[in-house]
Amino acid sequence: MFSPNVNHIVEHPAAGYRKIFETVEELNEPLPTEVTGVLPSWLSGSLLRMGPGLFEVGAEPFHHLFDGQALIHKFDLREGHVTYHRRYIRSDAYVRAMAEKRVVITEFGTAAYPDPCKNIFSRFFTYFQGIEVTDNCLVNIYPIGEDFYAVTETNFITKVDPDSLETLKKVDLCDYLSVNGVTAHPHTDADGSVYNIGNCFGKNMSLAYNIIKIPPPQKDGSDPLKRSEVVVQLPSSERFKPSYVHSFGMTENHFVFVEQPVKINLLKFLSSWSLRGTNYMDCFESNEYIGTWFHVATRDPAAYLSSHKFRTSAFNVFHHINAYEDQGFIVVDLCTWKGSDFVYNYLYLANMRAEWDKVKESAMRAPQPEVRRYVLPLDIYREEQGKNLVSLSYTTATAVLRSDGTVWLEPEVLFSGPRQAFEFPQINYSRCSGKNYRYVYGLGLNHFIPDRIVKLNVRTKDTRLWQEEDSYPSEPLFIPTPEAIDEDDGVLLSIVVKPGAERPSFLLVLDARQMTELARASVNTIIPVTLHGTYKPRTP
């Protein structure tokens, strides 16, 4: 279905969305699909997706959307045929939970308790052994060199076989880099170099954010991780309270980091794990009064621009859309949520599985989503105090130098709808990452329930969407047509769940230009919610 209007509200009284938050079993072998429509002849490869698949262990439930045990999914496309496969990642968190029939390692919003079968002295000492960081890599999957890794936001990543979906090896990034964790959204250069950001402790317990680089595949076949390095360090505005960071921006010549007012209280994090029932969510706090800071660093040579202090009002940000340079400015496009109230507070499974009226009621209390454009001037002169420094003709975003030397930013709103979020953004990455662009594709969240796929023209603010009754899509991945001339010449791939259908899940293939359906590959199984993923083209 196609409609040019993205702002109308669709109701979901049947609450079919609950099915995407239910436990499923893994598959012993790939399932065939029923293909309707016409798949592009050039589309040959694998769509790999990560998400939670196990929402309880024995009698113990996981409480948060980001707690369920990691399930890797694969739709394999070959010569017009499509198969579907899935397997659980054999993380320590999963293996031990299966062995002990309980939650063994604390997850994002679910605390692990000591084994009740142990005696009181064993349980007492367990409380004071400190945190055991989860390796439940349910958020994303991406290549490093020739290998593929499932990731979350801790220091652990998991090497997987993209063909068999077998778990190969757990990797601790702390063995190679000075980071306490990295985001699940790295950037990849044309040469295959992977950049990411994570927080770290320096001398005297000083806190900072390190941008790291993992080099491209090595000619000698060695592991690129062994040659990874910190390229630049960015300061934290608070010594013991790093901001939560989920992604960052990278242009041709700069890195952009948004330090948001959602903070991790490290003193609470380090001290409270001895208290029964504490989890990661308990250690977040918000500070509306400090607002939001934009930090900029150059790439070559790598250096933090300490003289450029950009501020704006408080907002949450999880996903950067794109950033690029134009006429002495850095343009930064973001999916934001107004205010400092942490959006993850509204993603507990009890909220997501509630009756539709309760889902809407909860979402009404949450921050309002907006797609925003911020413009950061690189040339700042004292005599321009109080004046809008932005001279780009195509944006209403402003930047004003204040007497304290900071530059106050006000955004241009590219998309806004009441309780209608544009999230999980994807662009024509190989062509447009770090460059001026026109189109972004996203998952439309209706009161946090994913029920549409949206195409946004960031220049005109026009929108197009795909939507089907009682259907729940996932993040749309853009795959360009070979030899494409236009930016939007390609297809979008999304996993859609339609609970009432005979085959309740399907891979949707959309024409990215018109947002019309080309084909779908339906499978006779429910597929739970997926978060992020990648497309692995088949090599000749």
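The backbone N, Cα and C atoms fix where each Cβ goes, and this holds for glycine too.
According to TrEMBL, the protein carries these features:
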- HIS185, HIS246, HIS319, HIS532: Fe cation binding site (BINDING)
Protein Cβ atoms within 10 Å of HIS319 (Fe cation binding site), excluding its own: 19
Surrounding CB atoms that lie within 10 Å of the CB of HIS246 (Fe cation binding site), all protein chains: 19
Fe cation site shell beyond HIS185, HIS246, HIS319, HIS532, criterion: Cβ within 8 Å of Cβ centroid: VAL139, ASN140, THR183, ALA184, SER247, PHE318, HIS320, PHE424
Neighbour tally for HIS532 (Fe cation binding site), based on other Cβ positions within 10 Å of its Cβ: 22
